[in-house]
Amino acid sequence: MESLTLQPIARVDGTINLPGSKSVSNRALLLAALAHGKTVLTNLLDSDDVRHMLNALTALGLSYTLSADRTRCEIIGNGGPLHAEGALELFLGNAGTAMRPLAAALCLDSNDIVLTGEPRMKERPIGHLVDALRLGGAKITYLEQENYPPLRLQGGFTGGNVDVDGSVSSQFLTALLMTAPLAPEDTVIRIKGDLVSKPYIDITLNLMKTFGVEIENQHYQQFVVKGGQSYQSPGTYLVEGDASSASYFLAAAAIKGGTVKVTGIGRNSMQGDIRFADVLEKMGATICWGDDYISCTRGELNAIDMDMNHIPDAAMTIATAALFAKGTTTLRNIYNWRVKETDRLFAMATELRKVGAEVEEGHDYIRITPPEKLNFAEIATYNDHRMAMCFSLVALSDTPVTILDPKCTAKTFPDYFEQLARISQAA
């Protein structure tokens with residue numbers, strides 16, 4: 001297996017121009033495909049997840065052009081639901097941001113489509129979404145294991161009263177919200193359980209509004225969506241920088257700054273993960289906010305005990321930053337780490353112990369006490385881009401770290417390690 005050893009980093013300083021947000025990129029691509037008119041997306045993320053979405057749109061007959069660096073996409077909308085001529089199988093890798101929204105959107109027309117993916121995708125639950133779509137009339141069959149992909153979709157979604165469990169993944173609600181306006185009837189979506197990752201729903205609603213569709217949000221408990229609507233292209237749309245990707249550079253600055261400035265997001269960003277900067281500030285770093293940047297300057301870091309449900313992806317970065325904080329850090333209400341690219345609670349606990357931390361792994365929390373001195377370790381990444389990026393922070397100690405399968409960052413940030421090196425000074 002390929003590996004990358006990072007030597008100790010004495011200091012970080014500089015500016016990082018963030019790649020486009022994964023969450024925004026794939027939502028914008030799907031809405032542009034469903035919309036009337038031509039949409040030009042700029043600062044699109046070039047990553048595995050986005051390529052899976054683009055490949056699916058190609059197979060569904062959409063036409064688009066990509067710039068050489070794959071960050072500018074002109075796409076001609078279908079002006080309504082996507083339709084496949086004849087039976088079709090779409091392979092979506094491990095891209096949850098493609099699998100969940102497409103599973104819903106492709107139930108609008110009389111299609112016969114199979115959605116499948118990598119082995120890990122077949123372990124990521126989708127039953128709550130399928131149950132909700134079936135309530136709205138969709139005809140969906142599990143081809144292997146009940147409640148998991150692969151799925152066979154045969155249309156039938158017409159709207160109506162739909163319940164969805166919000167406690168595992170906000171992507172199920174996102175998928176329903178983006179699909180419902182194109183259904184022939186009105187849809188009332190009721191949320192069962194506590195809605196996780198609420199800021200990701202705000203991204204969805206924000207993008208739908210950009211494409212001309214507004215819905216009634218009743219305190220995140222119920223959503224009322226008028227049927228028979230259509231999406232309209234906004235013309236040109238700039239994809240925000242990825243706030244989850246910003247977390248690694250901001251944390252590096254908190255630990256070994258200097259000052260690091262990330263551009264492409266700022267105080268008005270629609271992504272909930274910008275709130276990661278508030279957590280660093282609470283730990284002791286200095287944060288400065290601009291309209292299109294956030295900067296972080298080193299501070300003496302202290303442990304925190306916090307509910308991280310609102311920023312589950314960026315919260316992983318706090319778990320490795322905790323290695324540099326004084327005291328024991330507890331991150332709570334993060335059960336949905338277990339249904340991501342890997343079981344992130346198990347993976348994080350396992351790898352933190354390798355570098356010497358004392359770790360308590362609960363059902364939905366993790367407690368981390370740093371060692372006096374970090375151990376050198378080979379970090380397994382579990383084919384999870386965020387594990388690779390989080391554990392790069394270990395090099396901010398006086399100990400090197402080896403990251404196994406470093407190219408797994410291609411899911412959201414193909415040149416992550418080059419960007420980190422650019423702002424790093426060797427010890």
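Numbers run from 1 along the shown chain.
Glycine residues also receive a Cβ, built from the backbone N, Cα and C atoms like all the rest.
Quick look at what Swiss-Prot lists:
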ACT_SITE  D313  active site, proton acceptor
BINDING   K22, S23, R27, S169, S170, Q171, S197, D313, N336, K340  3-phosphoshikimate binding site
BINDING   K22, G96, R124, Q171, R344, R386, K411  phosphoenolpyruvate binding site
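Swiss-Prot feature annotations superimposed on the structure.
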| residue | record | Cβ contacts under 8 Å, 6 or more apart |
| --- | --- | --- |
| K22 | 3-phosphoshikimate binding site | L45, S47, D49, V50, T97, D242, S244, K411, T412 |
| R27 | 3-phosphoshikimate binding site | T97, P101, T174, M178, I203, T204, L207 |
| G96 | phosphoenolpyruvate binding site | D49, M121, R124, S169, Q171, K340 |
| S197 | 3-phosphoshikimate binding site | S169, S170, G272, N309, H310, P312, N336 |
| D313 | active site, proton acceptor | S244, S247, D273, K340, R386 |
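Taking a C-beta cut-off of under 8 angstroms and a sequence separation of 6 or more, R344 (phosphoenolpyruvate binding site) has the following same-chain neighbours: M316, W337, R338, D384, R386, M387. Annotation note: R386 (phosphoenolpyruvate binding site) sits in a helical segment as assigned by DSSP. Cβ crowding, taken as the number of other Cβ atoms within 10 Å, peaks at R386 among the binding-site residues R124, R386, K411.
When the record's 3-phosphoshikimate-binding residues K22, S23, R27, S169, S170, Q171, S197, D313, N336, K340 are compared pairwise by CA position, the greatest distance found is 20 Å. Neighbour density for S170 (3-phosphoshikimate binding site): within 10 A of its CB lie 24 other CB atoms from the protein chains shown. Sorting the binding-site residues Q171, N336 by the number of other Cβ atoms within 10 Å puts Q171 first. Other residues of the same chain near the phosphoenolpyruvate site, with their Cβ within 8 Å of the Cβ centroid of K22, G96, R124, Q171, R344, R386, K411, are D49, N94, A95, T97, D313, K340, E341.
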